[in-house]
Amino acid sequence: MSEKKKGNPKSNKSTGLPRKRFYRARAHSNPLSDSHFPVPIAPSQVDYSLHYPHFFPSDETCNENCNSTINPEASILKPHSKKIQFADIGCGFGGLLISLSTLFPETLMIGMEIRDKVTEYVKERILALREANPGQYQNVSVVRTNSMKYIPNFFEKAQLSKMFFLFPDPHFKEKNHRRRVISPHLLDEYAYTLEVGGIIYTITDVEELGEWMKDCLEGHPLFEAIPEKELDSDPVVKLLSSATEEGQKVARNGGQTYLAVYRRIAISGTENGE
């Protein structure tokens, strides 16, 4: 992520935070269309120093044209002692990430968003928060990508401990159900990147989609539902409906939400799910 620019006209003069009206985009994007952005060929090609300079200092300075995800000299990257553990899929304007950043200050996390203007907003938001709060928000970043296609390009096997799918596009028409971000075949990929014991959090205000996501997770052999009593003590669950712009809108309108939280389990007879 490039250094924050001084006097950015898109930022609030008093807070330094970016103003959303300059970064508005279409509510949804077709994840099956071909988008043109760089994608790492392997997780080892993701340059952590560009995302988390506090944890991975680099002598190189990223200019405006620098890709904020990939190091072209991938062969020189050293194995990371610290790796991304949380992934917010379709992170929107980054509300959940910002809340999680202070709740888990030593955990690296990343938002994955397909819309370019929204991704730019989250980048600017993180940079502004880092500048205004020295030492904080150094563990959070964002990347523009299509997570339905490229999850294995960013994360190694069993790397993640939490994945979030908050208020995803419902794709109401039956012919478009294949675009849904939770599906049986995509759960195979999510299971690959989640460690045993890792958790998938999903929430929506669309009842039919809530049932769809729950059915997909319930039917997958590598996931099991987390008991409600355990969810009550999970501080993350409270953020799912309150930290995001969409969740706040549902609350203002008195809407109902449908939660499905599942744990990654091992294949029967093994400890690591291999």
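Using N, Cα and C of the backbone, Cβ positions are placed for all residues, glycine too.
As the structure is a computational prediction, the values presented were derived from the model and not from experiment.
Summarising the annotation, TrEMBL assigns region 'Disordered' to 1-20. Marked as S-adenosyl-L-methionine binding site by TrEMBL: Gly90, Glu113, Ile114, Asn146, Ser147, Leu166, Thr244, Glu245, Glu246. Taken from TrEMBL, the feature active site applies to Asp169.
Feature annotations (TrEMBL) mapped to structure.
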| residue | record | Cβ contacts under 8 Å, 6 or more apart |
| --- | --- | --- |
| Gly90 | S-adenosyl-L-methionine binding site | Met112, Glu113, Ile114, Ser147, Phe165, Leu166, Pro168, Asp169, Val181 |
| Thr244 | S-adenosyl-L-methionine binding site | Gly92, Phe93, Gly95, Leu96, Leu166, Phe167 |
| Glu246 | S-adenosyl-L-methionine binding site | Gly92, Leu166, Phe167, Asp205 |
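Counting every protein chain shown, 18 other Cβ atoms lie within 10 Å of the Cβ of the residue listed as 'active site'. Using a 10 Å radius centred on the Cβ of Ser147 (S-adenosyl-L-methionine binding site) and all shown protein chains, the other Cβ atoms total 25.
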